[in-house]
2 protein chains.
Amino acid sequence: MQQDTDITLITPDAPIGADTHGGRAKCLQRLARLNLPIPPTIALSFKAIQRIAAGDMPDMRALLSQLDEHALLCVRPSSEDSDWGGPRAVLNIGMSGAMCETLGARIGPEAAKRLYLRFVESYAIHVARLDPDMLDDMPGDPEDALAFALRVYEDEVEEAFPQDPAVQLAEVLRSMARAWDGTTARLLRQAKGAPADAGLGLVVQEMAIGLGRGECGSGVMQLVNSKSGARQITGRYLSQSQGRDALSGGKEALYLERDPRGPSLEELAPEAFAQLKSHLSEMREKLREEMQAEFTIENGKLHLLDGVRVARNARAAVSIAVALAEDGIIPREEALMRIEPRALNELLHRQVDPEAKRDVLARGVAASPGAATGKIVFTAEASQAAAARGEATVLVRRETTSEDIRGMHDAVAILTERGGMTSHAAVIGRGIGLPCVVGASSIRFQTAARKLTAPDGRILKEGDEVTIDGTNGEVLFGRAPLLDAGHDDSFQVLMGWADDVRDIAVRANADTPMDAQMAHNFQAEGIGLCRTEHMFFEEARLRVMREMIFASTSADRAAALERLLPMQRADFADLFRIMKGQSVCIRLFDPPLHEFLPSDRAGHRELAEALDLPLSKVTRRVEALAEYNPMLGMRGVRLGITVPEIYEMQVRAIFEATLQVAGEGVEIVPEIMIPLVSASREVELVKGRVDSVAAAVRSETGRDFAFRLGVMVETPRAALRAGDIAPQVAFLSFGTNDLTQMTYGLSRDDAGRFMSEYVQLGVYPEDPFHTLDLDGVAELLSIGAERARAANPNLTLSICGEHGGNPESIAFCRAAGFDYVSCSPFRVPVARLAAAQLAVRDKIGAA
Amino acid sequence: MQQDTDITLITPDAPIGADTHGGRAKCLQRLARLNLPIPPTIALSFKAIQRIAAGDMPDMRALLSQLDEHALLCVRPSSEDSDWGGPRAVLNIGMSGAMCETLGARIGPEAAKRLYLRFVESYAIHVARLDPDMLDDMPGDPEDALAFALRVYEDEVEEAFPQDPAVQLAEVLRSMARAWDGTTARLLRQAKGAPADAGLGLVVQEMAIGLGRGECGSGVMQLVNSKSGARQITGRYLSQSQGRDALSGGKEALYLERDPRGPSLEELAPEAFAQLKSHLSEMREKLREEMQAEFTIENGKLHLLDGVRVARNARAAVSIAVALAEDGIIPREEALMRIEPRALNELLHRQVDPEAKRDVLARGVAASPGAATGKIVFTAEASQAAAARGEATVLVRRETTSEDIRGMHDAVAILTERGGMTSHAAVIGRGIGLPCVVGASSIRFQTAARKLTAPDGRILKEGDEVTIDGTNGEVLFGRAPLLDAGHDDSFQVLMGWADDVRDIAVRANADTPMDAQMAHNFQAEGIGLCRTEHMFFEEARLRVMREMIFASTSADRAAALERLLPMQRADFADLFRIMKGQSVCIRLFDPPLHEFLPSDRAGHRELAEALDLPLSKVTRRVEALAEYNPMLGMRGVRLGITVPEIYEMQVRAIFEATLQVAGEGVEIVPEIMIPLVSASREVELVKGRVDSVAAAVRSETGRDFAFRLGVMVETPRAALRAGDIAPQVAFLSFGTNDLTQMTYGLSRDDAGRFMSEYVQLGVYPEDPFHTLDLDGVAELLSIGAERARAANPNLTLSICGEHGGNPESIAFCRAAGFDYVSCSPFRVPVARLAAAQLAVRDKIGAA
């Protein structure tokens, strides 16, 4: 006999677990323990339902004998996690001709017939699997409708509608058990994270009937707002209704609390309302969670059918968790653990209202979260012009390049045809918090003709409005309703708690004063990566850069760089001031020089004019600088060694800026990082030059300053040779973007073309540019870190690639003993929370 | 007193070593031990010379007391390796007014004065450091000349010419000791491989005087030809001469052996000649080396002044070593050890005669050894057309691409502006044994105008002749004299001995039947890498490839591939037949598809016509396929997974070809290699498809066949994950070209721009595309090999990159337990010899 555990009446002491009987059964038991008015309920375990699905039906009479034989019953799903879904609840089991008579006497014949009809309908559709269309021509009168439904049933099934509650219940249970095993249901729940063998429990509950004489009805109620987390009674009630009818009850549904806009439950049934409020408060305190109650009022008497965790967006989740902790209901650590770090992205950016209708034009890669609406423009110049007119624009490009930077800053969102998670547009977008969809290759980009053709044929011209949803990777037609970002007080409080327990530092990648300000606002502990090349794309500087590139002697080159020096010095001084003495790690010039040259004929002509050179010479030089694989070419330290003047200028600018802000009371020890190292001798050579410049500046100014030199480890070889490199430097920072590219032999700019197929086929479990590859790239990180630390125990170790903000990467870095992670400013909060959770988890594990 | 060891008379028992007294002193001792007629000689050790250079002069009288006080003396350098050079020999020390008188009585006054003059001249120039110009106006008469030289000396030095032999000798020794320490001398010898602290020894020898009455004179003689190694008495003799005068004696110098072209030593002094021959034979046998004798005849009496190792080119070296071993003088193993493997390159290719004058237009990277002369052409088509007319052409291109393959096969040499050791031109050049210079960027390539401008301003037009020296990386003006390749009998014998001791297999990389034939001729043990993509560049196939690329459905794609199938099947069947059952490892399609599309506007138009498509569609598709970093893009297994039809066609072609040749009696187990793997799931997916095709072919034909599937390890991640990959496959082959690119983050096509500077600065000790990087790339090889073998002990391991033929790589692979190396056909002999030497070395080490 299974009675004891697999089929059991829910009592405070019954052996019921969420992992054996499902969350709903467990929650009902908790409510029962609180002595709340829940109807008698029998829980069927996952095992029991598996047996039923396999054809082994338990004894219905024995089961029914535990419940009131006069009550109607409902069956509801109880899976381990309510997000995983489950078959629809079936109400009013036990209805039959006879029961209809009996019940009619108590609640009125019409109400009884409506209950019967409702049962016949759901039984026909969900148990007998009739086509719902067959019941379309239902007459309006309940009696006629019932007769019609019974006739359709009998015609189709060729049997009379079952009248025995035991038969009815058995069929309902069998049908629900089998539905759970259906392929669609399985795929749907697996998509939500359910394991392949997730079980279904069911609960069989005596029904409180929301129809009949006196105040009868049903509704749902909770004490907080699901979108904001604010304390506010929320829900709906509908007289003469069952289940969750109130939620779809339209105008007839009532408010709960007294409300000027219309009648309320509080007025109609004040006692039941007061009880509900008090029950919910008790549930919150005892269940340590904000709950929603599903309730029925039967002739003025309150029945709690169910309690479920209040649905919530990220902002509400933070607010609820903080409130629970502040009220002493849960410890702060638990509040921290209740927030999924990635969910914070929702708070930091405007979002498309999840309840709004979406007119999706196309999908791409969700490259930078948040949403924004603007008029489409096809050039960076148009974006700048529109910004000057105060218009919001969405910058649409095949792909973006460094030349588009200004236009990107002036747009509200970016859309590109090409690229993946770490393409230029994506990286910049995340860096400056701009919603961005890349790789939207299903759209036809006719940028020359200034139009876009959506896959469905709709054509968008320059000036047409679209909404970019960078959180979901969707391009929406027109203006979609947006929800504002929500980094409110609760958020700040939670972040404070996170910082209290966190044991790995979090810095931000920031290239511009604007980025740095954002990093500071998000309380980053310094800048972990300041890329200096963007600084050269401003028009005036770009011209000088090009002169430098075209210089034929070292002296000419130095003269051009001399003009860039004061600008760079000002850049760095600005950053130092904004960061108020926190560490700033400046990466020396990294990209290949050809990125600074125009790529088309017209650009060459312009450049020839500007430099007063024959066009042929310009074209020839541009061609000579072109590379087959720029990622693997003449850039980074290779440029630093073969064209040393650039690094010398940058290093001097850093030192002079350091002295300048020191004069203003900002004490800083700048960090200088050498990119793309593959051999320790490269470090030796650059170190020698940096030391000479430092000596020169010290002797010119008569003032002293400190600095730290380090290496960006982004080639596999640098990781392997970290033991040679480490003794020469103060820090190593792993650039996981390039390291991933080289370890996989995979260009991030070209991977977009097949990455989604690769992830779908399971070739890569995840896009390695998005999630640090723990099996390959991370091994190189481990090897590098171990060898480096062995050779130089005082070394600072960090990660500064795009992965820096990912919880998985942070877990890895923390375990590997890294000192800090560095990520886009907008991911700093995610990283702070993720790091805090890791520390809490360790503390729990250790306890 | 140093006499015992640092200044010692050369006797059979004196404590003299090549590493303490230099090679010449040691050799003279060996001759003394053979009882050959060498004049009394004192050896001064490295230490003695160091002391002299430092000003600590030994007692000259004590030294001179060991020699005949009436003899003239000469001093000659004796460094550890004669290649390292050293100061010039000084003859006739001891000459003075008095000695001139005494000697004049014996050999005639004029002869005596000539000896004195010779000494005064060399003393003035090399010891007193007078400007040689001062002696330009020397009178013709010996007596006047001597008076003139003595006067110049006394005027300039303001001292009388020293008359005391002890003073003369001391000054000569001091001067020679100091010259060795000069910067130029040091740099010169270090360039030849001398260590920084290389020492100089000197020998002081009593002179036999080649002037005077009776038959007097001097000469050199050896028993073999220095260019061919053939047994042939070679050398010159000049009457009334000293030292090596005979070699610059022009018409007056005599042949040694009786010769129809003129008088000979054999006729003049038959006894001395016979002694010489016999001495040389004895030296060969006892010194176990082919020697050259320097000799003087004094009044008919033979004196051996010195014996040195016969200078030889690679061909002669092989011939001499084989002959010594065949004559039982040295064991075969020693013959093997005496040949520098890389020197074999000289034998396998025609070379510019090292004695010819070179008119160098420019230098570039020596990308493929050998030399050839041809008319320059600027397009592959022109090369093909010229070949059809029977003209030799040098194909000149900015860089070569797959489209140039046919033209390259038809040229005699290649010259490119761009690229490095592993650029397309270099790899193909080495593969087909074509001399090739790449990266000759000092030349201005005006390919559109069909001309080249050399750095010195000389202009070459299409049709002008140049000689490409791919061994030295030089472009020579016009037609340079060439030496033929020399893989003669001795070479074959040596290779046979090498194979007898070798314990690692050597295969060849071969893509075409021509390559395969070459591989077979060089006795490669199979093909280790057959790249299949070249097969698609033939015009008829290229058109079908392009149709395939433009196919919009999988069915269209399959239809195009269906047409390629019979061609591929024939390709493979050909290879299998040529290799006669030896292993053939076929790499599945690797390059990105865009390599098969035309890159210019005209090409697009042509293609649009051929495919009957609008130009815009062609352009769009070509653009869509373009990549930022093709090396890291959509190629290799990525293409194999996303466009599976290509691999399916290739695999079917391999299986059908296997069955076809089996019908002809050629039994083969083809090896199928998957390129660019970075995750084991890629292997799993391809393996599944390969197995299905195998099953289909077996069921269609009703015949069985075996095959082996493997992976090309060329991404760092594949090496790290070798443990996951190995259990699924029969072999792993490391593709060190790409692995080097990815480990360094360095594109081989772009590295040429700075590689030479990097190597000069010592940033990289060598070009890692040329010499396997033992510190980085090789560690990944070790990791991969270890993990793979642990997971699958039966796995075959090999290397198939460009490094495969390098002795250093072979040493690494052998130590790491690899089964074979694979390299260009032309490097197979080098690899066979290098592998043999390693085995011999181990045997010696173990003994």
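Cβ atoms are placed via backbone N, Cα and C, with glycine included.
The feature domain 'PEP-utilising enzyme mobile' is assigned by TrEMBL to B:392-473.
A sphere of 10 angstroms centred on the C-beta of B:HIS424 (active site, tele-phosphohistidine intermediate) encloses 22 other C-beta atoms. In this structure, B:HIS424 (active site, tele-phosphohistidine intermediate) is part of a helix by DSSP. Taken from TrEMBL, the feature active site, tele-phosphohistidine intermediate applies to B:HIS424.
Here TrEMBL flags B:491-839 as domain 'PEP-utilising enzyme C-terminal'.
B:ASP738 (substrate binding site) carries a helical DSSP state (H, G or I). The Cβ of B:ASP738 (substrate binding site) lies under 8 Å from the Cβ of B:MET631, B:LEU676, B:GLU714, B:THR715, B:GLY801, each of these being in the same chain and 6 or more residues away along the sequence. The substrate binding site feature in TrEMBL is assigned to B:ARG531, B:ARG587, B:GLU714, B:GLY735, B:THR736, B:ASN737, B:ASP738.
According to TrEMBL, the feature Mg(2+) binding site maps to B:GLU714, B:ASP738. Counting Cβ atoms from all protein chains shown, B:GLU714 (substrate binding site) has 26 others lying within 10 Å of its own Cβ.
Listed in sequence order, B:ARG507, B:ASN509, B:GLY528, B:LEU529, B:CYS585, B:MET712, B:SER733, B:PHE734, B:GLY735, B:THR736, B:VAL821, B:SER822 are the same-chain residues six or more apart from B:CYS800 (active site, proton donor) with CB atoms under 8 A from its CB. Sequence annotations record features per position, and here TrEMBL assigns active site, proton donor to B:CYS800.
Put simply, B:HIS424 (active site, tele-phosphohistidine intermediate) is 13 Å from B:ARG531 (substrate binding site) when counted between their Cα atoms. The most crowded of the binding-site residues listed here (B:THR736, B:ASN737) is B:THR736, judged by how many other CB atoms sit within 10 Å of its own CB.
Residue pair B:HIS424 (active site, tele-phosphohistidine intermediate) / B:ASN737 (substrate binding site) shows a Cα separation of 12 Å. Note: the substrate site is recorded as B:ARG531, B:ARG587, B:GLU714, B:GLY735, B:THR736, B:ASN737, B:ASP738; in the same chain, B:LEU529, B:PRO675, B:MET712, B:LEU739, B:CYS800, B:GLY801 also have Cβ atoms within 8 Å of that site's Cβ centroid.
Cβ neighbour counts within 10 Å, taken over all protein chains shown, single out B:ARG587 as the most crowded of the binding-site residues B:ARG531, B:ARG587. Within 10 Å of the C-beta of B:GLY735 (substrate binding site) there are 27 other C-beta atoms, taking all protein chains into account. Taking 8 Å as the upper bound (exclusive) on CB-CB distance to chain A, the recorded positions B:ARG531, B:GLU714, B:ASP738, B:CYS800 give B:GLU714, B:ASP738 in sequence order. The record assigns B:ARG531, B:ARG587, B:GLU714, B:GLY735, B:THR736, B:ASN737, B:ASP738 to the substrate binding site, and the maximum Cα to Cα distance across that set is 15 Å. Secondary structure at B:ARG587 (substrate binding site), as computed by DSSP, is strand. For the domain 'PEP-utilising enzyme mobile' (B:392-473), DSSP puts the residue distribution at 18 helix, 26 strand, 38 coil. Annotation note: B:ARG531 (substrate binding site) sits in a strand segment as assigned by DSSP.
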